[in-house]
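Student: Dumping what TrEMBL says about this protein:
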COMPBIAS  318-331  compositional bias 'Basic and acidic residues'
REGION    318-337  region 'Disordered'
TRANSMEM  43-69  transmembrane segment
TRANSMEM  109-133  transmembrane segment
TRANSMEM  153-172  transmembrane segment
TRANSMEM  192-215  transmembrane segment
TRANSMEM  227-250  transmembrane segment
TRANSMEM  262-284  transmembrane segment
Amino acid sequence: MSSTAGREAPDAKPSLSEIHRLSWWFVAKKTVREFIADQCRDLAAGLTFYSVLSLLPAIVAVLSLLGVIGQDKEAVTAVLQVLQEANPDAAQWLRGPLEELSRSSGVRFALGGGIVILIWTASLYVSAFARALNRIWETPEGRPFWKLKGSQLLVTVLAIALVSVGAVLLLIGGDFAVATGSALGIGETGLLVWRIVRWPALVIVVTLFVALLYYFTPNSKQPRFRWVSVGALIAIVALALASAGFALYVSSFSQYERAYGSLAGIVILLLWMWIANGALLFGAQFDAELERARELQAGIPAEHGIQLPPRDTTVIEKRAAQEAKDQADARRIRHRP
C-alpha cells in the first residue's frame with residue numbers, strides 16, 4: 001500500500017478511446033496479478049459471510065412488506081419457487097420459517113424489526129466492502145468514525161432500497177404478478193407493461209447497485225461518478241456467466257449432494273455468493289488498474305501506487321502521529337540501561 005503523501009488531483013488523463021493497446025494489455029495483466037496479491041478471494045469469502053448474515057432479514061423484510069398489502073402467502077410461494085429453480089435444498093431449508101412467517105399475525109412488527117436488523121447486518125457488508133476497496137485502490141482509511149459510519153449507513157439504506165426493488169422485480173411474475181396486480185388495482189395493460197420492463201429494469205437496478213458500492217465506499221476520491229464503469233460492466237457480465245456456468249456444473253457434474261447430504265444446498269448457496277462477491281471485487285480491481293494506466297499514460301508516476309487523493313486524511317494523520325510516538329517509546333526501551 002502506498003503513501004498518500006504528495007498525491008495530486010489527476011488531470012489531462014486520456015479517455016477510454018485514447019488509451020493505447022499496450023495500456024489495455026497492461027491493465028489486463030495487472031488486474032489478475034493484483035487480484036491475487038490483494039487476496040481478493042479471501043476478501044470475497046468475508047463478504048460472503050456478511051451476505052449470508054443479511055439474507056434472512058432481507059427476506060423477512062420483503063415478505064413482511066408484501067404482507068402489508070395482503071400478498072404474504074403468494075410472496076412466500078414466489079420466493080420458494082425462485083429458490084426451488086435455483087437451489088432446491090436451500091428452498092427446502094427456508095420453507096418452514098417462511099411459511100410460519102406468512103401465518104404470523106405480527107406482519108408489521110416483523111417488517112419493522114426486519115428492516116432494523118437488515119440495516120445493521122447490511123451495514124457490516126458495506127463496511128467490509130469499503131475495506132476491500134481501500135486495499136484495491138491502495139488508499140488507507142482516513143475518515144473519522146462519525147463520517148465513515150454516516151456515509152456507510154447512507155450507502156446501506158440506498159443499497160437496501162435497490163436490492164428490495166431487485167427482489168420485487170425478480171419475484172413478481174406469473175400468478176404472483178396477477179395476484180399482486182389485482183390487489184393493487186392494476187389491469188391487464190399494466191401487467192403487460194410489467195412483463196416487458198421487468199428484466200431490463202432488473203439489469204438497471206443491478207448496475208446502480210454496483211455503481212453505488214464502487215463510487216462511495218472507498219476512501220479514494222474517484223474522478224467522477226460513473227453509472228457504468230468498465231469494471232462494473234465486467235463484474236456484471238462475469239457474474240452472469242459465472243452463475244450460469246456454476247449452475248450447469250452443479251446440475252450436471254458436481255457431487256455436492258453425495259458429499260454434503262442435506263447441507264448441499266447451503267454449500268452451493270455459499271459458493272455462489274463467493275463467486276458473486278469475487279466478481280464484484282474483480283471489477284473493482286479492473287477499474288483501479290485502468291485508472292493507474294490512465295495516470296501512467298498522462299505522465300503521472302503511478303508505478304508504485306494509484307495517485308488519487310483520499311477523501312479524508314484525519315485518521316491517517318492520527319495513526320502516523322501515534323506510530324511516531326510508539327517508535328519513540330520503543331527506542332527509549334531499547335536504549336534504557
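Residue positions begin at 1 at the first shown residue.
Including glycine, each Cβ sits where the backbone N, Cα and C put it.
Predicted, not measured: the structure shown is a model, and the values here were computed from it.
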Student: Among 153-172, 192-215, 227-250, point out the range having the most Cβ pairs under 8 angstroms from the transmembrane segment (262-284).
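Tutor: Between the candidates 153-172, 192-215, 227-250, the best contact partner of the transmembrane segment (262-284) is 227-250.
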Student: Using DSSP, break the region 'Disordered' (318-337) down into helix, strand and coil residues and give each count.
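Tutor: Helix (H, G, I), strand (E, B), coil: 18 helix, 0 strand, 2 coil.
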